[in-house]
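Copied over from Swiss-Prot:
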- 199-299: domain 'Fe2OG dioxygenase' (DOMAIN)
- His224, Asp226, His280: Fe cation binding site (BINDING)
- Arg290: active site (ACT_SITE)
Amino acid sequence: MVQPVFDAAVLSGRADIPSQFIWPEGESPTPDAAEELHVPLIDIGGMLSGDPAAAAEVTRLVGEACERHGFFQVVNHGIDAELLADAHRCVDNFFTMPLPEKQRALRHPGESCGYASSFTGRFASKLPWKETLSFRSCPSDPALVVDYIVATLGEDHRRLGEVYARYCSEMSRLSLEIMEVLGESLGVGRAHYRRFFEGNDSIMRLNYYPPCQRPLETLGTGPHCDPTSLTILHQDNVGGLQVHTEGRWRSIRPRADAFVVNIGDTFMALSNGRYKSCLHRAVVNSRVPRKSLAFFLCPEMDKVVAPPGTLVDAANPRAYPDFTWRSLLDFTQKHYRADMKTLEVFSSWIVQQQQPQPART
């Protein structure tokens, strides 16, 4: 049987769409999503400037948002506007290449890095209408991004690798600053989570959502919670990000000067369930492609994920067992399709794995 191919140049103009992309009624885009979700706008530079009043206000706003739905936006982040523009241009440059060229970086089953489209993965229904390119980023290995891009796509794409190496370095810096805010808001101090993530082993992902002539029947990305620790997203000027909160879907409007930040499952465990990893999705439209840059902060692969002792007491017992990021990543890549219950299902799986197996007779 020939493997189907997601060729955006062909599919984006089709009046019908393959059945694998059609989502059941009740899961497809809904009219209420036109309502905007107003999330706090956090001045991260003000927080770190030493102004006690600014720091207190940022801490309060972040804490309230993370206990409700886990989403906020960050401005005054220090990311150079030209670097952002370069990063978005490189998204265009990569995804408009002929399909065989993109497939040189094809992601293999069970892996989290490489080029992927809807038919690359292990699922056959409710497929996402998108293409992605993902790669690792580690502060301890500055050459990692460039080496990966050159090894998979060729020397001609070295500049693309250099742009994203710079971008990932800035994302790592920003994520550690956000960790200071999260630590302060949880009462464990600025240094706790910053230290935990200083040696991060993170994932950078370029998202490309082609136009779709049946946008009310499919989704760019289905409803899910991020299994990672923290997501820092920069959207282009085409809306599409939606968050499920208070029983309905609402949109976060793009802002060129802001990054959308959301809590992932791993940080929810690190906060002992205090901060929420919230259900979200991406919708598509029939007119123009949508592009976004997503940096997923992750701890080192074998670092034990456990909340600080100050967040655990008789009234707030441990919400999740100890685990490593490697084990959760492996679970979502090989055993489970990430959704709103990933962390709960994974926790049960961990406990089951730790139980002694009955002897065979």
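Every residue gets a Cβ built from N, Cα and C, even glycine.
Feature annotations (Swiss-Prot) mapped to structure.
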residue	record	DSSP class
His224	Fe cation binding site	strand
His280	Fe cation binding site	strand
Arg290	active site	strand
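For the pair His280 (Fe cation binding site) and Arg290 (active site), the C-alpha distance works out to 16 angstrom. Take the mean position of the Cβ atoms of His224, Asp226, His280, the recorded Fe cation site; other residues of that chain with a Cβ within 8 Å of it are Thr221, Pro223, Cys225, Thr231, Asn262, Gly264, Ser277, Cys278, Leu279, Arg281, Ala338. Its own atom aside, the Cβ of His224 (Fe cation binding site) has 19 Cβ atoms within 10 angstroms in the protein chains shown.
A mean pLDDT of 96 is what the model gives for the domain 'Fe2OG dioxygenase' (199-299). Across the structure, Asp226 (Fe cation binding site) and Arg290 (active site) are spaced 20 Å apart at their Cα atoms.
Here the C-alpha separation of Arg290 (active site) and His224 (Fe cation binding site) works out to 19 Å. The number of other Cβ atoms within 10 Å of the Cβ belonging to Asp226 (Fe cation binding site), over all protein chains shown, comes to 25. Of all Cβ atoms in the protein chains displayed, 24 besides its own lie within 10 Å of the Cβ of the residue listed as 'active site'.
DSSP assignment over the domain 'Fe2OG dioxygenase' (199-299) gives 6 helix, 43 strand, 52 coil.
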